[in-house]
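A.B. asks: The structure that follows is given in the form of structure tokens.
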Amino acid sequence: MAGPVLEMRSIVKTFPGVKALSDVTLTVRQGEVHALCGENGAGKSTLMKVLSGVHPHGSYEGEILFEGEVCRFRDIRASEQHGIVIIHQELALVPFLSIAENIFLGNEHARRGLINWNETLRHATELLRRVGLDEHPETRVADIGVGKQQLVEIAKALSKQVKLLILDEPTAALNDEDSGKLLDLILELKKQGITSIIISHKLGEIRRVADSVTILRDGRSIETLDVKAPETTEERIIAGMVGRDLDHRFPERTPHEASLDAAPALEIRNWTVHHPIDQQRKVVDDVSLQVRRGEIVGIAGLMGAGRTELAMSVFGRTYGRYAGGTVLKDGTEIRTKTVAEAVGHGIAYVTEDRKHYGLNLIDTIGRNISLTALGKVARRGVVDEHEERQVAEGFRTSMNIKAPTVFEPVGKLSGGNQQKVVLSKWIFAGPDVLILDEPTRGIDVGAKYEIYTVIDQLAAQGKAVVFISSELPELLGMCDRIYTMAAGRLTGEVPRAEATQEVLMRHMTKDKEVSR
Amino acid sequence: MSTDVTAKSPAPAPPGPAGAGLLGLMLAGLRRNMRQYGMLIALGLIVVLFAIWTDGDLLLPRNVSNLVLQNSYILILAIGMMLVIIAGHIDLSVGSLTAFVGSFAAVLTVQHGVAWPIALVLCLLVGAVAGSLQGFLIAYLGIPSFIVTLAGMLLFRGLTEILLKGQTLGPFPNGLQKMGNGFLPEVGPNTNYHNLTLLLGLVLIAAVVWQEVRDRRRQQEFALEVLPGRLFLLKLVALVAAILVLTMLLASYKGAPIVLIILGVLVVGYGYVMRNAIFGRHIYAIGGNLPAAKLSGVKDKKVTFYVFLNMGVLAALAGLVVAARLNAASPKAGVNFELEAIASSFIGGASMSGGVGTVLGAIIGGLVLGVLNNGMNLLSVGTDWQQVIKGLALLAAVGFDVWNKRKSGS
């Protein structure tokens, strides 16, 4: 076994009021892929920010040894000079610059301030080949998908002669195919001698690429496990993360016996949507589905399958151009041309992107919760602040939103708690049908369980729930029925009893011609 | 107060433990609303400094009265501008629009002899039309507000000159003049003070106390946390004292200016709308996160439209006040008013990216600029240096805000 390339010893980092890291030790061996996992708020990102100089030397206690040498990074540049490059969860690319310009941003091939374009393009082409990205280097970054943008980030890291690559949840925004490619690339880079640290919530992918895994909990390093060892199971890792055995990842659910006589709470017939810009392209193609009261119905699909597009276009035509189809609520056709109409008919859509589409991050918890249904705490257009606050306090307690008061700005909460606020907001609106789009994306295991429990309760109260998710185990654990989509079309409908990951995946990867 | 310091030690609590708690709570509240209180303290500091430098001239009843009259129109504009900025937009046209409305009023009353109440209504209507035109372009056609109102700035300035044929037009009928220069009428027996103003002050005090007490009771009804009794009392006393001092100052000169009454109604009304009305909430929501607001069912276009319509009406009102005060409509009226209103909003806590700010903040911001203006005039500082100092004040206020945010953030 190779010796350690990186040692972080007894790292302590305090923010005003909180101890983010207390006595964290991390040892990474030369040439390995080292996973870092832990619940949100466990201190993973903070630890990596300490390592990469985002939190400069002096703002933390403890020691960092890289290649046997004590390092005191003042800023990111200093750590990059040593070959430590971090790729953040939110990509740091400039959308309207080309791939090549982005790769060499801040690090241009230039002489006396003038850029040498030939050298730039040659080098960019070479780097793109290394990361397996088949795009012209002069393509604008805005014109390529998130998966490819991630590869551009890695190419950028390679251009800096990276020795230790840090990836903060690199596959969070990627579909399975792009995730697979990215993980292969990490393994490929490992062969070339590049050490990686990968922060991830996805245990499957840790098992696939990582050699060892360090678990953080509440700002402490709990343990480091050898991933290849047989006793390191997913359950074992989860137990380390939550500090307790997690026998049940999902609440106990009594599957709903769909009574076929009652009209479905929500029925969508022959729904077709065209792409907002490219109007020839059908993003959602003749989709029909239904969900009954008390039922949780999943929609599975790879990225680009049209699940979010379907949901958003039904919900007030907030995506694309409507090209046909009807929506029925309890058997009668309804208009859902605007969000207000959809909400008025008792439909709620909980977005997959809570930061951009779900919350006003600078406003308080209370005001975010009341926004969709302000009328409920208002009389003649005037909001009763006291009643509003009481409602919000109610949700803070019942949903276990971790914040001192409801006056806390939502932007200061962790992902899981933000998600609870979004859910509270829509539950307060009092819908009959809830469309939940990736409700557990990017949140930790403990919070996930809490969200599952809430969803279960909603169904038990007789609400119809549509559950869109990319995580198959979650759909299998929660849903009574699962629809699958591929390339804008519905490709299957699988009851709970027959659903396995393999069956769903087969439907999700069906070709257009084969289906129907 | 001196006991507060010692009470902080972990030693057994003295019989009156509320002492440390009181100071602690005040500090906590201060920290939470740093921006607002910070500016209020800065305003107080500026007032005290200029009062000292001018040997008390700043706080002479006549000067306080003057200060209100001088700044009223900027404050009216600042209220509307605050709404625009919270919604995530900007309005550069208001200076030109005030001039245009002023000239329209002059043409109506001076040239055509229209009765002033009718002229007043027509002028406000013109403001509403101008505002809704710009609002339509911004909200429904999606043209950026900066560009629409930059065009409006040129357009209304040009129209003003066309209307006035480049000349100054006046004087206005008596009724209209009162809007800019008038005071409440004198009634009742001859005291040394202005009776109606005193009465108004007392009514205001009663209203404020009643409102605060009722609010506190409602909070308790909903089983919510309330300010501890002593702190609540302190707040009441401070409020009452502030109103009392202002009332006495104004009452010992000619009484409350009419425009102050207008302004007071606007501040209370708009403050209430922004805090408690659904419409106000929706303005904060679209400024804070437009896509999220849309997906929450907020009718963002309608809200934006009304925000600009409202700005037009307030600009018209400001235009009438300016014209009335100068007793003439001039093609050069209202130059740079938009910038003063924008500066007031930012000094008062607005954010470039929208979603943040309060009506009271805009007023405090406007008063900071106003007192600086007035104080420097009293000290006969030239307009050149006045501009420099006002520029620095804006930078300092926003700089403090940025620094404060960075300190409290991660």
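Sequential numbering from 1, following the chain as shown.
Including glycine, each Cβ sits where the backbone N, Cα and C put it.
In TrEMBL, annotation is done automatically, which means it is predicted and not curated.
Heads up, here are the entries from TrEMBL:
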type	residues	note
TRANSMEM	B:37-60	transmembrane segment
TRANSMEM	B:72-90	transmembrane segment
TRANSMEM	B:110-130	transmembrane segment
TRANSMEM	B:137-156	transmembrane segment
TRANSMEM	B:193-210	transmembrane segment
TRANSMEM	B:231-250	transmembrane segment
TRANSMEM	B:256-273	transmembrane segment
TRANSMEM	B:303-326	transmembrane segment
TRANSMEM	B:346-372	transmembrane segment
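Give me the structural setting of these features: burial, nearby parts and distances.
C.D. replies: Listed by sequence, the residues of this chain that lie at least six past the ends of the transmembrane segment (B:37-60) yet keep a Cβ under 8 A from its Cβ atoms are 29-30, 249, 347-349, 361, 364-365, 367-368, 371-372, 374-375, 378-379, 397, 400, 404.
Listed by sequence, the residues of this chain that lie at least six past the ends of the transmembrane segment (B:110-130) yet keep a Cβ under 8 A from its Cβ atoms are 93, 97, 100-101, 104, 152, 156, 169-173, 175-176, 309, 312-317, 319-320.
For the transmembrane segment (B:193-210), the residues of the chain that approach it from at least six positions outside its boundaries are 183-187, 236, 239-240, 243-244, 246-248, 250-256, 261, judged by C-beta separation under 8 angstroms.
Long-range contacts of the transmembrane segment (B:231-250) within the same chain: residues 22, 25-26, 59, 61, 64-65, 193-194, 197-198, 200-202, 204-205, 208-209, 212, 216, 256-257, 260, each at least 6 residues beyond the stretch ends and with a Cβ under 8 Å from a Cβ of the stretch.
Sequence-distant contacts of the transmembrane segment (B:256-273) (same chain, six or more residues past either end, CB-CB distance under 8 Å): 65, 68-69, 72, 75-76, 79, 83, 178-184, 194, 196-197, 200, 250, 279-280, 314, 317, 321, 358-360, 363.
Remote same-chain partners of the transmembrane segment (B:346-372), defined as residues 6 or more beyond its termini with a Cβ less than 8 Å from a stretch Cβ, comprise 35-36, 39-40, 42-43, 46-47, 50, 58, 67, 70-71, 74-75, 78-79, 81-82, 85-89, 267, 270-271, 274-275, 284-289, 340, 386, 389-390, 393-394, 397-398, 401.
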A.B. asks: Which sequence positions outside the transmembrane segment (B:72-90), separated from its termini by at least 6 residues, show Cβ-Cβ distances below 8 Å to it?
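C.D. replies: Hits for the transmembrane segment (B:72-90): 98, 138, 145-146, 149, 257, 259-260, 262-263, 266-267, 270, 274, 283-284, 286-287, 290, 303-304, 307-308, 310-311, 313-315, 317-319, 321-322, 325, 337-338, 340-342, 344-346, 348, 350-351, 353-359, 361-363, 365-367, 369-370.
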A.B. asks: Who are the long-range neighbours of the transmembrane segment (B:303-326) in its own chain, taking Cβ under 8 Å and residues 6 or more past its ends?
C.D. replies: 69, 72-74, 76-77, 79-81, 83-84, 87, 89, 91, 93-94, 97-103, 105-106, 120, 123-124, 126-132, 134-136, 138-140, 145, 170, 172, 176-181, 259, 262, 266, 279, 282-283, 286, 333-334, 337
